[in-house]
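Here is what Swiss-Prot says about this protein:
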- ASP264: S-adenosyl-L-methionine binding site (BINDING)
- HIS306: active site, proton acceptor (ACT_SITE)
- GLU335: active site (ACT_SITE)
- GLU362: active site (ACT_SITE)
Amino acid sequence: MLTKSVTSILQGITLAAKEFENNEAGARESLIAHSRALISALEVPSEFIQHTFWSQPALSAIIRLAADVNMFQHLKDAAGKGIDCEALSMKTGVDASLLSRLARHLVAMNVITFQNGAFHGTDLSDSLAAENYQHSIRFCHDVSRPSFNEFPEFFKSNGYKTPTLSGTDGPFQAAHKTELTFLQWLVNTHPYLQYFHSYMSVYRAGKQNWCDTGFYPVSERLLSGFDASVSDVVLVDVGGGRGHDLETFASKFSPLPGRLVLQDREQTIASMPADESRQFEATAHNIFTPQPVKYARAYYMHSVPHGFGDEDAIKIMANLVPALAKGYSRVLLNEIVVSEENPILAATNMDMIMLAHLAVKERTEAEWRYIFTQAGLKVVNIYSYPGVAESLIEAELA
């Protein structure tokens, strides 16, 4: 058997712990991966089944309920002293007998704690009290989970084949009883578009960003070669939602030598609140039409082409080509590049999300290079950071 021994896993944990203490890149993720491997090596099959089909589904359902009754907010408000079951029952409106059972499972799953007759929040549960995480909980439970639950029946009915790339006949449509694509459904089903954007805003929270030190060399590859006589635009975020990535970029490199431009669907741009302090321009743009901003230093996309099949992904990339200044403009794709030999959980998680919602997939390096080549571009380099699922693919005109 190729399964790692408990001894070798423990050795890996010891090494990763030392790296973590020294704040080495990827140490936290390595510790988590080794810890998961240890559990897998120690669990007997019955424990694995109970954990997979009882513990985790119950946990996600309780957390979704907790979002409805503001449980984590109340626990956070009681920081230090904690809150007993009767008082928490009064604040949440959940019967004390039921609440005690639900909360005990959260304690068993290390989400909250119980000490001296009172429930206490943790760093994790306090974080989950924030609005963007509350929205994320609702999105993942209400939208994603039913799509995963549909896998067995859907794939049985279609003969265990990959869904068509139309995006209108997959597990998501079967689960939500709709003929709309995932994105169309979000736009038409309030408030899930807002929840989705909140989820995307926290998707990489706490992880290294593409423009952080040690990831992509922004100053060397982007800013140092900026030429305002070619274009006064430094970076165009194509399909950038509400501008979370541009905000991060601006906060790290201001003052910038040129403009930042955000592009997304008209509905998304229209939903953005007015903000005079915003450091970028927000404009509506359809990614299936030619890029209107010409000769910018860079055109950036975060998790955009991965939501489409090869044909559409090539069209999206090709629409950038006429706007590029040869030898100057760069195309930057912040995407998962799946390792065929050592896939990490964060990458396969997103691949399953793509399968469930959009009938598409995360791509390997060879598959990404094919997309770029077919669009008239060439990959210059692929930048990665230890423990981070997404890479930064830099390309230019072929």
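Here the Cβ of each residue, glycine as well, is placed from N, Cα and C on the backbone.
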Cα-Cα distance linking HIS306 (active site, proton acceptor) and ASP264 (S-adenosyl-L-methionine binding site), given in Å to the nearest integer: 16
Three-state secondary structure, which DSSP defines for ASP264 (S-adenosyl-L-methionine binding site): strand
Surrounding CB atoms that lie within 10 Å of the CB of the residue listed as 'active site, proton acceptor', all protein chains: 23
Whole-number Å value for how far GLU362 (active site) lies from GLU335 (active site) (Cα to Cα): 8
For GLU362 (active site): DSSP state (helix, strand, coil): coil
C-alpha spacing of GLU362 (active site) relative to HIS306 (active site, proton acceptor), in angstrom: 6
